[in-house]
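Per TrEMBL, these features apply:
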- 32-91: domain '4Fe-4S' (DOMAIN)
- Cys49, Cys52, Cys57, Cys74: [4Fe-4S] cluster 1 binding site (BINDING)
- 129-162: domain '4Fe-4S ferredoxin-type' (DOMAIN)
- Cys138, Cys142, Cys148, Cys182: [4Fe-4S] cluster 2 binding site (BINDING)
- Cys152, Cys172, Cys175, Cys178: [4Fe-4S] cluster 3 binding site (BINDING)
- 163-192: domain '4Fe-4S ferredoxin-type' (DOMAIN)
- 208-236: domain '4Fe-4S ferredoxin-type' (DOMAIN)
- 237-266: domain '4Fe-4S ferredoxin-type' (DOMAIN)
Amino acid sequence: MGLVFISLMVLGLIGLLFGVGLAIAGEKLKVETDPRIEKILNVLPGANCGACGYPGCEGFAKAVVEGIAPYTGCVAGGEKVAKGIAEVLGLNENITITKNVAFLTCQGGRGIAQDRYIYKGVDTCKAANMVQAGYKGCTTGCLGFGDCVKVCPFDAIYMGEDGLPKIDIEKCTGCGLCVKACPRGILTLLPINIPLLLGCRSELPGPEARKVCSKACIGCGICEKVCPKGAIKMDGRFPVIDYNLCDGCGICVEKCPTKALILLKK
């Protein structure tokens with residue numbers, strides 16, 4: 001009995017010594033966390049979307065405090081978050097950030113674009129795109145399985161009745177996850193206030209594109225010729241819009257024979 005008691009006492013003392021040692025070591029080796037990191041985390045939207053280039057909001061917050069990342073780097077948060085971070089950092093700067101949102105550059109939904117075959121595979125755009133470059137007649141046309149919808153952390157995208165994704169530009173933060181998820185490359189980030197959009201990125205020659213989609217850009221160049229501001233220039237087969245010159249008059253949209261151009265606002 002005495003031996004057992006002594007053994008327990010020894011083990012208890014050893015445990016106590018180890019505990020004290022670990023407590024002292026923990027205190028000495030403790031890494032102080034900059035309190036600004038927590039404050040910045042409270043400002044960030046917390047979506048962990050990765051659009052800033054870091055795996056999550058905490059990684060971005062640390063990088064900002066360390067001076068590695070710009071305080072304006074939260075794409076999802078935009079101007080409001082940038083101002084909040086600047087306040088945490090003690091910066092007194094006039095911040096103006098133009099919000100970018102996602103736009104779909106395809107109008108080839110049901111009844112507009114033709115299909116080459118009936119696809120019966122996995123219901124994802126990525127999978128469908130791997131089978132003979134997709135079932136659509138247009139090799140860059142939207143496949144309509146909603147990969148973009150699934151990755152959006154802000155519920156800013158939903159599928160319309162025409163089989164095309166619809167983007168709520170008020171909810172969209174411009175994080176770019178949908179752009180990365182689209183295997184066709186037809187989602188793009190542009191300033192929220194643009195007045196005009198080319199709703200086609202078909203790589204087919206004009207006549208072929210027209211055969212498979214009634215709203216395909218055929219590269220006719222009429223839009224360039226009729227623009228009174230000189231805001232449209234043809235680059236190969238596609239018109240390129242200079243948003244510094246375009247005032248959204250809508251003349252190009254009226255004259256476009258296939259309505260490939262979309263007037264967003266005047």
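Using the three backbone atoms N, Cα and C, a Cβ is placed for every residue, glycine included.
Cβ neighbour count for Cys178 ([4Fe-4S] cluster 3 binding site): 25 (other Cβ atoms within 10 Å of its Cβ, all protein chains included). Within 10 Å of Cys52 ([4Fe-4S] cluster 1 binding site), judged by CA to CA distance, lie the following binding-site residues from the set Cys142, Cys148, Cys172, Cys175, Cys178, Cys182: Cys175. Of all the binding-site residues in the record (Cys49, Cys172, Cys178), the one with the smallest CA separation from Cys148 ([4Fe-4S] cluster 2 binding site) is Cys178. When the C-alpha distances from Cys142 ([4Fe-4S] cluster 2 binding site) to the binding-site residues Cys49, Cys57, Cys172, Cys175, Cys178 are tabulated, the minimum falls on Cys178. It is 14 Å from the Cα atom of Cys182 ([4Fe-4S] cluster 2 binding site) to that of Cys175 ([4Fe-4S] cluster 3 binding site). Within 10 Å of Cys152 ([4Fe-4S] cluster 3 binding site), counting CA to CA, the binding-site residues Cys49, Cys57, Cys74, Cys138 contribute Cys49.
It is Cys175 that, of the binding-site residues Cys172, Cys175, Cys182, has its Cβ surrounded by the most other Cβ atoms within 10 Å. Closest in space to Cys49 ([4Fe-4S] cluster 1 binding site), of the binding-site residues given as Cys138, Cys172, Cys175, Cys178, is Cys175, taking the CA atom of each residue. Candidate binding-site residues: Cys57, Cys74, Cys138. Nearest to Cys178 ([4Fe-4S] cluster 3 binding site) by Cα distance: Cys74.
Taking the binding-site residues Cys57, Cys74, Cys142 in turn and counting surrounding C-beta atoms within 10 angstroms, the largest count is reached at Cys74.
Within 10 Å of the C-beta atom of Cys152 ([4Fe-4S] cluster 3 binding site) sit 24 other C-beta atoms, taking all shown protein chains into account.
Of all the binding-site residues in the list Cys138, Cys172, Cys175, the shortest Cα-Cα distance to Cys57 ([4Fe-4S] cluster 1 binding site) is found for Cys175.
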